[in-house]
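Single-structure report; data block below.
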Amino acid sequence: MDELKSANQLDDLPHKWVDVVVDYLRGFRNDTTDFNRPQLRPSVRHTYPAFVCGYSALIMAGALCNAYVLAIVARKRLYAADPVYVYVANLAVTGIVECVSVLPISLMVLLVQNWIFGRFLCFFLPMLQDVPTHVIMLTFLLMAIDRYKHLKHPNKMRLPPLACTFGCWIVAFCIVLPYPVYTAYLDLGVYIKVQFEGVGICAVNMADDMQDYLRSLFVLTYLIPLVSMGYLYSKMSDILRDLMNVPAVFYSQEITPSGGIPSRLNQVQSPVSDSDDEEIDGYKESKTQKYLISMIISYAVCLCPLMILRLAKLEVSETYENSRHFDLTFMICVWLAFVPTVTTPLLFVAWNSDSSTKDRIRSYFKRTKVTAEQATRTVSTEGLAARNSIYTVQESIPA
């Protein structure tokens, strides 16, 4: 390694790459000989088993949970009953894409020091990592807009859910198209032919002009959608509150049956809707609202640390000395950002579970808690009895 740094093989490098290559080579141990094989980052040498287990558990749990959501939506044909479930299915598909493709590749890149994945993945990976994030946020936003229009004007046609979901993917791909402009790839095998054939450096923001792009992404694809959804859901809460608080109007109608004796039939009509309007189930919509808000809050909270770290990373230059803190913090934030691949399906299952199922789950956890408390109490009693018996034996021994 020292010979490589001191040799004149770096003289032909573009000037902007010299410091990057030198700092890159400093990250390897001096006895490193084969750069074509994956080299573990020194910053995660002692902690990588925990990260591998954590990411693997998240990948498996997320893929299974989202596949279960798709199975429920398809088997019960929920998409035919309410367009909201089409958006939920789109969230599940996006979660599977994240668990199957984004998370494994991201974990590999975060653990490996040398870039051995080629030129194409260098330019495509940042786009692949961001597309699902934008799709999820746009899906939540369109879901909020559609439900607000439905509650405000129940008799009007709702947004076409399939077209909206396809539009989410198209818009998300358009948002990430500028990424290749800010990405650069250097093939080290061209300049350092010894031991570096097929090895490259994938760098982002080489010209220090990516700050405006990421700041705009933070505002346009994170802050503004969340503020908009907050406003829409507050308006929907007001509508549902009025719908639930206004009493139904009872009226009666005399009916004369064939026997000639008039009878009186009581009927119920909601005073908040016209006779031609579609009736709104206030309880059902309130329940849907509660779980959708929970999904959005959990997603926004889990994604927030990564969004802030991406902005902070542009302001602080990463070097060999501080790379350990960058790597560990970034791996934790990435893992946390993908936790909604599990929490969103779990909230969906709770949303669509009947009261008997929830009661069985509550009773199971209550029994488990009582059993644990009884076991703890038994162990404490046995320990106290053992200490008392020892004390009694010691008292009985003559001095």
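Placed from the backbone N, Cα and C atoms, the Cβ positions cover glycine too.
Keep in mind that TrEMBL annotations are predicted by a computer and have not been checked by a curator.
Under the heading domain 'G-protein coupled receptors family 1 profile', TrEMBL lists 65-348. Here TrEMBL flags 48-73, 85-111, 131-148, 160-181, 213-234, 291-308, 328-351 as transmembrane segment.
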Same-chain residue ranges lying at least 6 outside the transmembrane segment (213-234) that approach it to Cβ under 8 Å: 130, 133-134, 137-138, 140-141, 144-145, 147-148, 175, 178, 182, 289, 292-293, 296, 300, 303, 307, 310-311, 314
Interface check, the transmembrane segment (48-73) with the transmembrane segment (328-351), three or more C-beta pairs under 8 A: yes
Dominant neighbour of the transmembrane segment (131-148) in 85-111, 160-181, 291-308, 328-351, by Cβ pairs under 8 Å: 160-181
CB contact flag for the transmembrane segment (328-351) and the transmembrane segment (85-111), at least three pairs under 8 A: yes
Surrounding residues of the transmembrane segment (160-181) on its own chain - C-beta under 8 Å, 6+ positions past either end: 79, 83, 86-87, 89-90, 123, 126-127, 130-132, 134-135, 138-139, 142, 146, 213, 217, 221
Long-range environment of the transmembrane segment (85-111) - Cβ separation under 8 angstroms, sequence gap at least 6: 38, 40-41, 44, 48, 51-52, 55, 58-60, 62-63, 65-67, 69-70, 73-74, 78-79, 117, 121, 125, 128-129, 132, 135-136, 139-140, 142-143, 146, 161-162, 164-165, 168, 295, 327, 330-331, 334, 338, 340-341, 344-345, 348
Same-chain residues at least 6 beyond the ends of the transmembrane segment (291-308) whose Cβ lies under 8 Å from its Cβ atoms: 84, 91, 133, 136-137, 140, 143-144, 147, 218, 222, 226, 229, 233, 333-334, 336-340, 343-344, 347-348, 350-351
